[in-house]
Amino acid sequence: MVRPMLLLSLGLLAGLLPALAACPQNCHCHSDLQHVICDKVGLQKIPKVSEKTKLLNLQRNNFPVLAANSFRAMPNLVSLHLQHCQIREVAAGAFRGLKQLIYLYLSHNDIRVLRAGAFDDLTELTYLYLDHNKVTELPRGLLSPLVNLFILQLNNNKIRELRAGAFQGAKDLRWLYLSENALSSLQPGALDDVENLAKFHVDRNQLSSYPSAALSKLRVVEELKLSHNPLKSIPDNAFQSFGRYLETLWLDNTNLEKFSDGAFLGVTTLKHVHLENNRLNQLPSNFPFDSLETLALTNNPWKCTCQLRGLRRWLEAKASRPDATCASPAKFKGQHIRDTDAFRSCKFPTKRSKKAGRH
């Protein structure tokens, strides 16, 4: 009697196993259930998938709250897609157990609240996309588990302020996108934990002054985008801490009126600068023309006097003809800076030839 009962139990278990490992209803599965695609299939709760699943695409479904342990039974997941899922809240421990996860896509949701602990266990996460949500703040320690984070997209949210410790723990972060938020200030210390940033985009915010203190600990920024902020002026030593690495700088559409004389101190590798659509009439004497390859200048009221002779010389040496014209003096108004006679009487410095040293 024992043997028939044992056989019956084994039979029931065998029947259960395929169901547990089966492809979720209305989804498409590939690579022996390693890739599970449930894009826009009307899901309202996270489906059960095989433990060997590596890619799970749940885009365009409806998960208002990601509760704790929502994905705990998926230990081998590497890539998780949750875009356009009407998510409002991510609870503490929502991704607990996903210790192999590298890609996490949470873009285009309605996320307002990210609880402390939301990203616990995500020690291998490298790419985090939180753009196009309604996040208003980053709680201190939120990113602490993300010790391997490389790219963080937070553009198109509602963040008003960055406080000290906002990026605590994310020491390997290299690309940070904060474009199109509501930032009016970057507090001193806000970026101290991510001193290895190479790309920092904070354009289309409400920064009314250049955040010198917040940027002072950054060491290797190659690309800095500050477009569409009401900055008006750039102070001395603005880029000095990362001046040996800075290659691309966006300051267009900022109502910028002036650079301090020492604004570009320490900047030696700058190649591309965007200054269009501002209120500039001069450039500082130490503007780094020597390394420059492209310079966007249009729609500025340039004052064509000898103070601008460095720009004239740079333009003469370039095959391209940036559309920059004089606004003053009156007799040169509308003339191209490259062609005008406004600089005829200016003395241009000449490069001295090196003399042989004494032996």
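Any Cβ shown, glycine's included, is placed from N, Cα and C.
Values in this document were obtained by computation on a predicted structure and should not be read as measured data.
What Swiss-Prot says about this one:
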DISULFID  C23-C38  disulfide bond
DOMAIN    23-52  domain 'LRRNT'
REPEAT    124-145  repeat 'LRR 3'
REPEAT    220-241  repeat 'LRR 7'
REPEAT    245-266  repeat 'LRR 8'
DISULFID  C304-C346  disulfide bond
DISULFID  C306-C326  disulfide bond
Distance from C23 (disulfide bond) back to C346 (disulfide bond), taken between C-alpha atoms, in Å: 77
Residues of the parent chain within Cβ reach of the repeat 'LRR 3' (124-145), under 8 Å, 6 or more residues beyond its termini: 83, 99-112, 114-116, 118, 151-163, 165-170, 177
DSSP-derived class (H/G/I helix, E/B strand, else coil) of C306 (disulfide bond): helix
Chain-internal residues, separated by at least six, CB under 8 A from C38 (disulfide bond): P24, N26, C27, H28, P47, L56, N57, L58, N61
Residue counts (helix, strand, coil, in that order) that DSSP gives for the domain 'LRRNT' (23-52): 0 helix, 6 strand, 24 coil
Per-region confidence, the repeat 'LRR 3' (124-145) (mean pLDDT, whole number): 96
Sequence-remote partners of the repeat 'LRR 7' (220-241) [C-beta within less than 8 Å, at least six residues beyond its ends]: 179, 195-210, 212, 247-267, 274
